[in-house]
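Q: Structure incoming, see below.
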Amino acid sequence: MDNNIRAIALDVLLKIEQNQAYSNLQLNQTLQNTNLKSVDKALLTNIVYGTIQRKNTIDFYLDQLLNKPIKKKDRWVLSLLRLSIFQMLYLDRVPDHAIIHEAVEIAKERGNQGLAGLVNGILRKLQREGTAAMDKKAEEGIEKEALSYSMPQWLFDRWKEQFGQDDAEKMAQSNLLASPVTARVNTKKSNRKDVLELLLEEGIVAEEGELSPEGIIIKEGYLPATEVYKQGLVTIQDESSMLVARAVSPESGETILDTCAAPGGKSTHMAELMQGEGKVVSLDLHAHKIDLIKRQAERLGLENIEASVLDARKVSEAFETGTFDRVLVDAPCSGFGVIRKKPDLKWSKTEEDVTRLTSIQRDILHAASEMVKDGGLLVYSTCTVDKEENDNVADWFLSNHPEFEWDSQFAEKMPRSIKSYIIDGRSDLQIMPHYFNSDGFYIAAYRKKTTGGEKHA
Ligand SMILES: C[S@@+](CC[C@H](N)C(=O)[O-])C[C@H]1O[C@@H](n2cnc3c(N)ncnc32)[C@H](O)[C@@H]1O
């Protein structure tokens, strides 16, 4: 069975590489289509994410272990070596000799005796000699952090400049850890206590989350296979992401705009908080993603979501100015807060991408702000930790939109444990992954000033 897991892990890694697919999407698709036990699914997840997370460091070792480059047609062997080295160096669960044996069997089956010999030789050398000599070389190199934390040096340097050495190191370190699986209870259908009991009956060990009143943390078991999930009592979502809908704080009967809504995590959360009363208008640029929102809404039993395709920058072509009580801009971003779940992001995104994204973020925020009623609320959020995309965009907005002010009630809506991270006089929040073992998220909330009338939201 274990051999099977490694063969599947190899296929997932190759598909991610060949199709440039997002690791989480490719892996989830595979997890849904295999009948592995939940403990094996966890191991598969660990191997795939871990191998991508540590790619930099593993390749640094591989460079030194390989005597000559691997032929182009046999490039898949590199992925096999990477996932085997990841297990040998970073996973305690399986002894080295078993990892080597399985890798050699896969190389034999998929390649030939020569490749099996190559795999055997490299992995045995690593087993025999360890990494001490190679680590010494790394210490002498200039890209020290890139190798210790297995991330591009430019990104580490950027974090160091933005947050200081200590936070940059803590964040880089926490990104190498497995992310907890968390879910949101659908409060339109049930409550946290009942859901925890139902999950236990299905063999899923879970506990209450710390950050969100609807949050639960899955300790053991594969949630998507449960009846609780299928019946729409829960949605898989990170706890910091749940705080976004809290910042919007929609009320029953209101009309809400979610400008960048797919796959629907926050739209459905807001619709649940509204107890199905009122309306959430969910937009996304990509037609194929609208279906994802609709499917989630259906699974969760939410009838108050209207999803359609639209470029949020052109929202004024579809709606009258000041139509919505509250508007959420959960903007496209670099995703540097969710590296634990999408490790490929740290290898694929560049500094130029960050700059390009900030201009889209500004444009969407500007267009969306026109949709807010007097006295209404506008929330800007991202799943990144980059100041250029976060504080800078948020500050730019406020200085260019005097009709808005910080939402003075923002801190009250956030959990107590987080309040110390909110700076006095502002209503924004940067959550780093190492603060609460959650995704890195940024949230800023503004209120549109009233033009003489009473406060609305
Ligand atoms: C961070 S994701 C949104 C996640 C979503 N709010 C959730 O909670 O499930 C950003 C989304 O913005 C969409 N997007 C990108 N550019 C856009 C634009 N100009 N107008 C509308 N949506 C856009 C992307 O397709 C992507 O689905």
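From the backbone N, Cα and C atoms, a Cβ is placed for every residue, glycine too.
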Q: Which candidate from Asp284, Asp291 does TrEMBL annotate alongside Cys260, Ala261, Ala262, Pro263, Gly264, Gly265, Lys266, Asp311, Asp330 at the S-adenosyl-L-methionine binding site?
A: Asp284
Q: Distance between Gly264 (S-adenosyl-L-methionine binding site) and Cys383 (active site, nucleophile) at the Cα atoms, whole Å?
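A: A Cα-Cα distance of 15 Å.
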Q: Looking only at the domain 'SAM-dependent MTase RsmB/NOP-type' (171-449), what is the model's average confidence as pLDDT?
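A: A mean pLDDT of 96 is what the model gives the domain 'SAM-dependent MTase RsmB/NOP-type' (171-449).
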Q: Taking the residues the record says bind S-adenosyl-L-methionine (Cys260, Ala261, Ala262, Pro263, Gly264, Gly265, Lys266, Asp284, Asp311, Asp330), how far apart in Å are the two Cα atoms that sit farthest from each other?
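A: So the binding residues stretch over 19 Å, Cα to Cα.
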